[in-house]
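Please read the structure below before turning to the comments.
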Amino acid sequence: MLSLTRILRKKIPVHELAGKISRPPLRPFSVVVASDEKGGIGDGGTIPWEIPEDMQYFRRVTTNLRGKNVKPSPSKRNAVVMGRKTWDSLPPKFRPLSNRLNVVLSRSATKEQLLAGIPDPIKRAEAANDVVAVNGGLEDALRMLVSKEHTSSIETVFCIGGGTIYKQALCAPCVNVLQAIHRTVVRPASNSCSVFFDIPAAGTKTPEGLELVRESITDERVSTGAGGKKYQFEKLVPRNSEEEQYLNLVGRIIDEGCTKCDRTGVGTRSLFGAQMRFSLRNNRLPLLTTKRVFWRGVCEELLWFLRGETNAKLLSDKGIHIWDGNGSRAFLDSRGLTDYDEMDLGPVYGFQWRHFGADYISCKVDSEGKGVDQIANIVKSLIENPDDRRMICTAWNPAALPRMALPPCHMMAQFYVSNGELSCMLYQRSCDMGLGVPFNIASYALLTFLMAKASGLRPGELVHTLGDAHVYSNHVEPCRKQLKRVPRPFPFIVFKQDKEFLEDFQESDIEVIDYSPYPVISMEMAV
């Protein structure tokens, strides 16, 4: 149910140009390839080795979905992108590759001609929705696969060859959305290979700026196939230097930080003064990958802030329990807020954003037209005077702090426009590196996207300035575990539909695609 505050408030219109930043220009993708020590992948028509284990690996990687026990279906499956020669090299009985959308690149072949190569008429008819012909190269396929028709139904896109398509994968613009390379390394090298795929060695940088990092590699194994070829499964990912900023800071805090007591009684290791920068261009979303971040919670909370809400029950009813501890009867009473109903947080973030300076009575009292609407004022400046240096939103109101369940940690954001791009600098006074900061990074990235939609700008950069950056003592070991993980490329944000007003966006309107994080690392919240 919508709150009375949300229904009555004067809303912020979404700009007519908002649709231009609703999705990335190209669909992110991964490469799957088997190559020998010299980069050989075949002779242009056949694969010069028989490794049944590689075939099983290929099927598993390109077919399996990320959710536990989730089976592919037309409403959610992966896509495999291949050249015409690769399609023709598939045994007819295996065309199309099952449980995947088969995207075939050809300058001449039509979908009907591709389907005609399937001998079984029943299977040919069934394959009509499983094959797409694209008249062009990999870039054209990725542009098609990021369209509204495919964004939600395709989980991961895999480029599976041949040689020309692989080369396109490592060149701009496609390389800019490369997420991973799954490689089967075959030994010894085959003398019959005439087609090669040169993958840059880990740690080296290509002219396009690609630097690959090895995430994993198996021990060398011997195939049961003819010839007993040796093989290894290797996964390479583009280096994510932006997430490395976060990991390096966490490591430095653990190793060099000052041991301090704190309000919660848990204790911290702390450093003072740090900064991280994250690009938001082309809808890249800085959602950390070295552990799963609760995106739905990030999105629901930010939209709750944006509407000026202060009733934590609105979040709790949606399964978002991040404010339950601070909204509990016991916690409110400990703050002297005995007149508040349970889950009334007082004049916290959203109230300050939309009603700064107004008197706060309770979360049930409408404050429409009272105080300063900082968000609306910033949007007005972004449109009318984008060079303004006063586009600041602050949640830190000293006069209202005693009435807040919790003083704001992320307390001030300044917006900046350059060359049609909107950037945001966040100042955070208290920075819980284990739990809070990953959440805050994604939250202010989303805020920047939404402010760009309201002002007709493109998202630029998020600059995160940290004051007291700390790791709680009971988070040290979980953080050490996280530091051992190789960060993967960030995902992308898609707005499935635009709204007339900024406050009308729902979590269901916003989707994160190609998010492939490591599993959750449990950390207890200090209250």
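Residue positions begin at 1 at the first shown residue.
Glycine too: its Cβ is placed from the backbone N, Cα and C atoms.
Taken from Swiss-Prot, the feature domain 'DHFR' covers 28-238.
Around the Cβ of ASP54 (substrate binding site), the number of neighbouring Cβ atoms within 10 Å comes to 19. Annotation source Swiss-Prot lists substrate binding site at VAL32, ASP54, ILE160, TYR166, THR184, citing similarity to another entry.
DSSP gives GLY42 (NADP(+) binding site) a strand state. Close to GLY42 (NADP(+) binding site) in the fold, though at least 6 residues off in sequence, lie PRO48, GLY162, GLY163, CYS193, SER194, VAL195, each with a CB less than 8 Å from its CB. Residues or ranges marked as NADP(+) binding site in Swiss-Prot (evidence: similarity to another entry): ALA34, 40-46, 84-86, 105-108, 161-168.
Residues annotated as region 'Thymidylate synthase' in Swiss-Prot: 243-527.
Every protein chain shown contributes to the tally, and the Cβ of SER430 (dUMP binding site) ends up with 20 other Cβ atoms within 10 Å. Classification of SER430 (dUMP binding site) by DSSP places it within a strand. As annotated by Swiss-Prot, dUMP binding site applies to ARG263, HIS410, GLN428, ARG429, SER430, CYS431, ASP432, ASN440, HIS470, VAL471, TYR472, with the evidence given as similarity to another entry.
Same-chain residues at least 6 positions away in sequence with a Cβ under 8 Å from that of CYS409 (active site) are, in sequence order, GLN428, ARG429, SER430, CYS431, ASP432, GLY436, ASN440. Residues or ranges marked as active site by Swiss-Prot on the basis of similarity to another entry: CYS409.
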Rounded inter-Cα distance in Å - TYR166 (substrate binding site), TYR472 (dUMP binding site): 45
Fewest other Cβ within 10 angstroms of its own Cβ, chosen from the binding-site residues VAL32, ALA34, ILE160: VAL32
By Cα-Cα distance, the member of binding-site residues VAL32, ASP54, ARG263, TYR472 nearest LYS167 (NADP(+) binding site): VAL32
From ASP54, THR184, ARG263, HIS470, TYR472: binding-site residues whose CA lies within 10 A of ALA34 (NADP(+) binding site): ASP54, THR184
Distance [Cα-Cα, Å, rounded] between THR164 (NADP(+) binding site) and THR184 (substrate binding site): 19
Alpha-carbon spacing, GLY45 (NADP(+) binding site) to ARG263 (dUMP binding site), which is rounded to whole Å: 68
Around the Cβ of TYR472 (dUMP binding site), the count of other Cβ atoms that are within 10 Å: 23
When distances run from the Cα of VAL32 (substrate binding site) to each of the binding-site residues SER106, GLY161, HIS470, TYR472, the nearest one: GLY161
